[in-house]
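Novice: Following this message is one structure expressed as structure tokens.
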Amino acid sequence: MTSRAKSLFIFFFLISCTFMLLETDASRNKLSSYIPLCGSNTYCGGLWCPKKGGKYSCISMSCDIQEDCPKLVRCKNSPGPYCMEGFCTC
């Protein structure tokens, strides 16, 4: 009787662990369409990004290393993004 309960516990534990791993991987692998397409503006010291309703605003995204920025933002008509002085820029 104990071995049957133990087997069921292990089975459901493995199922729940598998589900959690799949959910975690799915949330990390976002498509590039979810990453905003930003640019630069002479009046903006940060990134010039679209918001809801088609309006643009100046935002700042902080970064620690060069690899952080491509996960946060895409650049329109320029190379990059890259990390400069702790902020992502295009």
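In case you wondered, yes, glycine gets a Cβ from its N, Cα and C as well.
Given the structure is predicted, the values throughout are model-derived calculations rather than measurements.
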Novice: In Swiss-Prot's disulfide listing, Cys88 is paired with one of Cys49, Cys58, Cys69. Which one?
Specialist: Cys69
Novice: Which cysteine out of Cys49, Cys58, Cys90 is the one Swiss-Prot pairs with Cys75 in a disulfide?
Specialist: Cys90
Novice: The disulfide recorded in Swiss-Prot for Cys63 goes to which of Cys38, Cys44, Cys83?
Specialist: Cys83
